[in-house]
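According to TrEMBL:
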type	residues	note
COMPBIAS	674-692	compositional bias 'Basic and acidic residues'
COMPBIAS	693-706	compositional bias 'Acidic residues'
DOMAIN	60-147	domain 'RRM'
REGION	674-706	region 'Disordered'
Amino acid sequence: MAAEVVLMNEVESKAAQLGIDLSVDLNSIQLPPGENFGIVSDDEDVYLDDQLEFDSGFGNVIVVDNLPVVPREKFEKLEGVIRKIYSQIGVIKEDGLWMPTDPETKKTLGYCFIEYNTPQEAELAKEKTNGYKLDRSHIFAVNMFDDFDKYMRVPDEWAPPEIKPYTPGENLQKWLTDEKARDQFVIRAGTDTEVLWNDARQSKTELVYKRTISMSVSFDQVLDRKFCAVVSLLATVHRQGAAVWGGATTFNRLMRYAHPQVKLIDFSPGEKFLVTYSSHEPSNPRDANRVVINIFDVRTGKVMRDFKGSADEFSVGGAGGVAGVSWPVFRWGGGKADKYFAKLGKNMISVYETDTFSLIDKKSLKVENVVDFSWSPTDPILALFVPELGGGNQPARVSLVQIPSKTELRQKNLFSVSDCKMYWQSNGDYLAVKADRYTKTKKSTYTGFELFRIKERDIPIEVLELDNKSDKIIAFAWEPKGHRFAVIHGDNPRPDISFYSMRTAHNTGRVSKLSTLKGKQANALFWSPGGRFIVLAGLKGFNGQLEFFSVDELETMATAEHFMATEIEWDPTGRFVATAVTSVHEMENGFNIWSFNGKLLYRILKDHFFQFLWRPRPPSFLTPEKEEEIARNLKKYSKKYEAEDQDVSMLLSEQDREKRRKLKEEWDKWVSEWKQTHEEENSERQKLRDGEASDEEEEYEAKEVEVEELLDVSEEVLPFEE
């Protein structure tokens, strides 16, 4: 009590210093209505129209039915059996198992309630034991306690659903009809998410949409083959799930996907399906995290399949993730049709089909010691890698498997292999397998490539070795939709970059080296989406060195630098390149926009800059023949745009002239005001000059005047010596 009095005295003293009146009747304060007092959070704003169903507080309780009906003397034995079964799944709370009895017969009623520490454990118990066969007569029926409340709300009589009037939505493709043929991009900086036009002609951005909330953003395309409609959506992640937004200017929410505590999302290549992931800590710290993965239909929001289990069950394969789970867990095959998806397991690959969302042939593909696989981008073909076994007695191998027949199309044994990575060309025409091999002494390794020609008869394979076999491979990248690839290799601070072609005019069936660039400050390769051009980038240790290179001409178009750049993104048309410095660095956050040939167009600085993403464009409806015709007649089509560019250039020149004219007018106005002030102060200046009228210094005569001034007087008594 004394401590409370002292604390209150301190509060009153501080309030007096700040001039705050504490004599307020707290009972008279009226807070805004609602649990949140009118303060809308990010998620409440997102789900304002569709409130999620909140549980009633019994989400960690299950009801187990179809138990044996036993008398009091067998009650303890039955309870022990039930506890033994269900305690293997999770931690049952103290007094968390209750079997009600009939007050008249004193026998159990054939069901019980079990309360776990967490709802996730209860969900897992329901999933694992519903249908569990205790004996011939007793097969468990397990339900969540909260489900009973939901079922009780179902009306006794059926009523037809309310038919809502149709309201036409915004044309989600309207942004593609921009008269200036501009592209859009999204950025995240601080708590702001902005969608902007890239107005390269004007060397600036134009705001489309802005939202001030903190959310994780991912742009993706959604393709609906049935209606031949392609739209670009903005996907966001929130505490209660994911949502997609679309439009030309408004970016309204189009669909939400309920998945509490979602951490990661992934779209299928054809953007028909959305995969969401969440991880939940167990009650027992020795257990692995509980993982929930949902696969949604993007257009309807319906859960097509869910996967639940411990993190250990999803920890094999993948490029990275959280809580020990590799992400993405599922890899999609069959091209844009999204017909198959697969997961790597121990000694197997589980391949599912999206027609039924079940395993093909109801069983996984058994492959002893398989460690990696990847799909062709266009065809239902799996490439899988099995490492060496038995100390090299059984060689490593790469196999191509046709799905759904599971027929092996091609196999290549690889000897003395320490590691292997697979790179598909975007059209699925070629597969490059980078194999790191041991030397004969086993003390070092060297790298070579196995190049598969997938679309040719019998899938021929070529071996490619670098001129210097001991060179370290730093980066590899195929030309999109093309036949060329680039390799950064070497151990020096300035590695070499080599370009190769799978077909040339003189040698259509063999890989050929086009050129090698010596001593480049580069460690990453970024091809234009249309091929032909590539950015040779030096990120991290190279501090943002950029070289814009034409592979057709094999010449450098420009060199530049974006100091500390962390990201490089080509726009979907291949006309512009964005380089960005994200918040991993504390200084110079923001992004630069460059032309394809390396001209800096404009620069935007943003504090706490997190993310830059171009808005993807749908695939072209033009046939390859039509695209070739346009390329041949490009000069005819370009006249219109050259005239527009000239108009813009003249407009910019006029704007510059207008800007200079305004600056001159401001200067002249300032000079006039200064002269007026000077005249007004003339008499005062004359007075200060003892009546001299002129302000010109050259009219004055300089005179030297000596002035004597007594600074100090001191007296000192000196001793007199005789």
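Every residue gets a Cβ built from N, Cα and C, even glycine.
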Notebook entry, point to check: When the compositional bias 'Basic and acidic residues' (674-692) is classified with DSSP, how many of its residues are helical, how many are strand and how many are coil?
Noted result: 14 helix, 0 strand, 5 coil
Margin query: Give the mean pLDDT for the domain 'RRM' (60-147) on the 0 to 100 scale.
Written below: 91
Next item on the list: Report the DSSP secondary-structure composition of the domain 'RRM' (60-147) as helix, strand and coil residue counts.
Entry: 29 helix, 29 strand, 30 coil
